[in-house]
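Worksheet: one structure, shown below.
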């Protein structure tokens, strides 16, 4: 394979995922030209511009090319694991009971605060490598296990370093409003003050966050508390995202939409008004079947409402130590189909085009269109449905990141 960024993939089936394409935008007998790390042409081989005819050709032998996969919701940077809580839940404890007893997110805080930045990078890289091995070229990574200024900064710096250690685009999200740390003794107002006046200004000053997130739930923060964080984020010109309506309907989806959020995530209890508000605002619904499966939820996100409203839907692993220790977007797609009844096209778009949209990156990646980064996944499959259908099997042939094979 050429160690350069200008060449042609020939003899391929290509799923462009273009905005105006029908379905997945499939093109048979297609070629994709890469020039200087960007997509220069994608389409029928017989229409290839003459200027690319001399480029070295790589025969795909009729394999399928899709955009590189995008995991748009992860908590990839964390220390330790919570296998003991998994056992507790197997014995009957609920997520809420574990959290209120001092477990859950707060139990990860102790581990992260004790870890160095180097420790965090070292522990996270194997999880990132698992995603990369399945064709992921872009990953979002949240903080939220530090819950104080220095630890949140440490988390975000570790996340940024992942993109230096591996050929992958990393988008960082500040999730200070994730849980109330034990030292606050239940004083949520004072903690939100700390998020707004201490953590966020320091993080913004170092340009460490591409977005600001919050956990809007009875066991975390209420809508008025999240609104304070979002107002502060907007003052720093940082876009927002929201963990919303996972365990109850606090109208988090509508709250996110009112701030033109990039995405609202989980959404098991979102109602029709929330779905409509998201569609109007262009806020992507990021569905997380790994968490639904792992904590044995019974309330499914309202996929039919999202379809009816025209709300864009993405899928993500939600990789985290407590409720979704999942490092496979291929399995996530299968779960989206089997658990949430999403279609094959919705699942594949959900980990490419719509996931890129949820990160504000659709102008750069997520579809195979001229001028975008040559982020590609090439699969040894006959039809796209195989990517969603198989369980525990990885048919990736080649992964391309910004033109580099």
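Glycine residues also receive a Cβ, built from the backbone N, Cα and C atoms like all the rest.
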Listed by Swiss-Prot with 82, 178, 246, 323 as binding 4-imidazolone-5-propanoate, from among 41, 52, 145, 389, is 145
73, 75, 243 show up in Swiss-Prot as binding Zn(2+); which entry in 150, 167, 318, 345 does that record put in the same site? 318
What Cα-Cα separation, expressed in whole Å, is found between residue 82 (4-imidazolone-5-propanoate binding site) and residue 320 (N-formimidoyl-L-glutamate binding site)? 9
Taking 8 Å from the centroid of the Cβ atoms of 73, 75, 243, 318 as the cut-off, which other residues in that chain fall inside it around the Fe(3+) site? 74, 142, 265, 266, 288, 291, 316, 319, 320, 324
One should report the C-alpha separation between residue 73 (Zn(2+) binding site) and residue 178 (4-imidazolone-5-propanoate binding site), rounded to whole angstrom, as 14
Just to verify a number: CA distance, residue 75 (Zn(2+) binding site) to residue 322 (N-formimidoyl-L-glutamate binding site), in angstrom, no decimals. 10
When you average the Cβ positions of 145, 320, 322 for the N-formimidoyl-L-glutamate site, which other residues in that chain have a Cβ within 8 Å of that mean position? 75, 78, 82, 105, 108, 144, 321, 323
Filtered by Cβ under 8 Å and at least 6 apart in sequence, the residues in the chain of residue 323 (4-imidazolone-5-propanoate binding site) near it are 95, 291, 294, 295
